[in-house]
Amino acid sequence: MNTVLLAVVVVLALVLLISLLIMLSRTRLTDRLLAVQLLGTLGVAILLMLAVVMQQRAFLDTALVLVLLAVVVTAVFTHRQRGGKS
Amino acid sequence: MILDALSVLLLLLGLFFFVSGLLGLWRFPDTFARLHALTKADNLGLGLVMTGLLFQVPDVLWAIKFILVWLLALVASAVNAHLIAVFLHRQQEGHDESA
Amino acid sequence: MNLLDGLWGVLDLLLVAVLLLLAMAAVLSSDRRRSMMLFIVFGLVLALVWARLHAPDIALAEAAIGAGLGGALLMATLRRDTHQQTDQFPQHPVVLWGVGVLVMVLGTAIAWGLFSVLPTVEQTWRKGAAVDAQLAFSGVSHPVTAVLLNFRAWDTLLELAVLLAAIFGIRALGYVRSAYVTEVAFSQLAVWLVPLLILMAGYVLWAGAHSPGGAFQAGALLAGAGILLRLAGYSHAGLPTTRWLVRLGLVAGTGVFLLVGLGLLGWGQGFLHYPIAYAKWWILLIEMLATVSIGMTLTLAFMGGIPQKEAA
Amino acid sequence: MPLIIIVFILLLALWLLLTSGDLGSLLVGLPFIMLALWSYRLQRHAPYPLTFSFLGALRFVGFFLRESLRGGLDIALRVWQPRVSLSVAFYEYRLIFPQGPIRSFFMYCISLLPGTLSVCVSEKDTLRLHVLDDRGAVAEDLSRLEQRVCELFALPCYKRTL
């Protein structure tokens, strides 16, 4: 079973690589923001899989922290300061 | 054995939706549409991967934490989508030229 | 079994490829906001790499600080309207090539240094065994926390002091950034996210006693809560409004750490040598205060200082 | 029961879930729960009566899962076609929920449902959303969601299905 799970992780990592390439090929900031979101979700998925494969419970905490702070990061990037551009 | 098969099936489905999100990012013509693709396909992908993993966890506490991660990821992605949508809308309206 | 090893190999290759690509793209990008975005993703992938290397402690720290707080702080350093300027790097080809050669020489030197260290790695592992042997006397059951707060408490004390010095610098030189335009739907959400972040900070701190976690990660999460409050339109970001309380909070971590150390010295135990029976409680006290201090420091760093009374 | 006590109980329950029910952990947990409660109190919001219905919550969860699945499938179908068929547009929708947590909840839910993405409240009580395909039944979808949200919060739904 572990082999199958690991194969899925490998495919997820491949998707990660491709979405990174897409992100780099885009020039607009918002498109990149989107790619960051995709990478974040993929990262969480990979962490969850690795937690099961490697039997490391601590990775679940890491995933929780990643998810929570992703919101903070997006908020910081998209908020606009008073009296000026973004 | 049946559980293993079920979990493989769910994982593959999850992968399929992740790849769909990726394709959406690549193929959809405008940024709003890409945002749609990401928010919906990714959440479903993560949810299916999580459900698939639920059959492989050693005890209930793991399962609870998995579900917690997924719930938070749902909230996070709804918020992220909203924030990005507002940002994008502001840019298109021309309040902000710093694209 | 062979297939499993092969898959691990492929995964490692993929992760390394992503990491290198990200690092190069982040350095070569001319727009600062884009580099920061790439830096955040770099932190995320680095967390995955640490996880793959069986280092959950560093993975958690990287997720909290590198991918999360680091990006927010970097973003805060951007002054308005400057993000589209390219850096004033020397563009002369001779300088560029010179820098390139210098970097390569340095890289080679570092690689050589690492290779020469390799034979001693086994000794380091023996030190790991030594840590495990002493773990029972440290007051906590997680080796990393034991090393950080007991065996090598000096380092951690100095790290806290560095943060304190940084915030002095920021308060002396920085300027308070203007408030953010608030949006109702977002503020409504902050109501729920901020308590969650604070609770998670507490959990990460508690987890540090026996599994990955600790004061720095918890402090980063607390700061995340502060930043969200700031973005949701609370000009003080949840920090106390009285100045002396803020100051007290900032120095609490370092101060109490130092006081405990000196107190133990006066008690005849030696600097930061906790009596074994009470080590757990001392470490708990220090960690809690350190978390509060780190959280406040990072929030203040994001804000750039304590705001005066702002027009609402 | 005052809302603050409910929040306290929720936070406590979450803490015990996270720490797998270790009561000794409350030594660290209680101060942080108090801090979290304080941050909740700090956010001065107008008193807003919130009620929940257990049955409504169950139905909402079912509805939400089904709709998420539909949303993902919708995207997947569009993506894997040889030609992407989209007809994106902005769409104005009249909100029935007054400003407050329920409205925000509704707006966030919209973004997770098939084909719709809430953008902003453009005028008073008018929500601007972005739809992937304006040929679909957007208004019906939205009013169904509205009804479920009403059930969840045990509100009388004063706009029946269209």
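Backbone N, Cα and C define each Cβ position, glycine as well.
For reference, TrEMBL has these:
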type: DOMAIN; residues: C:18-80; note: domain 'MrpA C-terminal/MbhD'
type: DOMAIN; residues: C:189-291; note: domain 'Na+/H+ antiporter MnhB subunit-related protein'
type: TRANSMEM; residues: C:6-28; note: transmembrane segment
type: TRANSMEM; residues: C:35-53; note: transmembrane segment
type: TRANSMEM; residues: C:59-78; note: transmembrane segment
type: TRANSMEM; residues: C:94-115; note: transmembrane segment
type: TRANSMEM; residues: C:157-177; note: transmembrane segment
type: TRANSMEM; residues: C:189-209; note: transmembrane segment
type: TRANSMEM; residues: C:215-232; note: transmembrane segment
type: TRANSMEM; residues: C:244-267; note: transmembrane segment
type: TRANSMEM; residues: C:279-303; note: transmembrane segment
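Mapped onto DSSP classes, the domain 'Na+/H+ antiporter MnhB subunit-related protein' (C:189-291) shows 76 helix, 0 strand, 27 coil. Each residue in the domain 'Na+/H+ antiporter MnhB subunit-related protein' (C:189-291) has a pLDDT score, and their mean in this model is 82.
For the transmembrane segment (C:279-303), the list of distant contacts is 69, 72-73, 76, 137-140, 145, 149-150, 156, 160, 163-164, 166-167, 170-171, 176-177, 201, 205, 208-209, 214-216, 218-223, 225-227, 230, 237-239, 246, 249-254, 256-257, 260: same-chain residues at least six beyond its ends, Cβ to Cβ under 8 Å.
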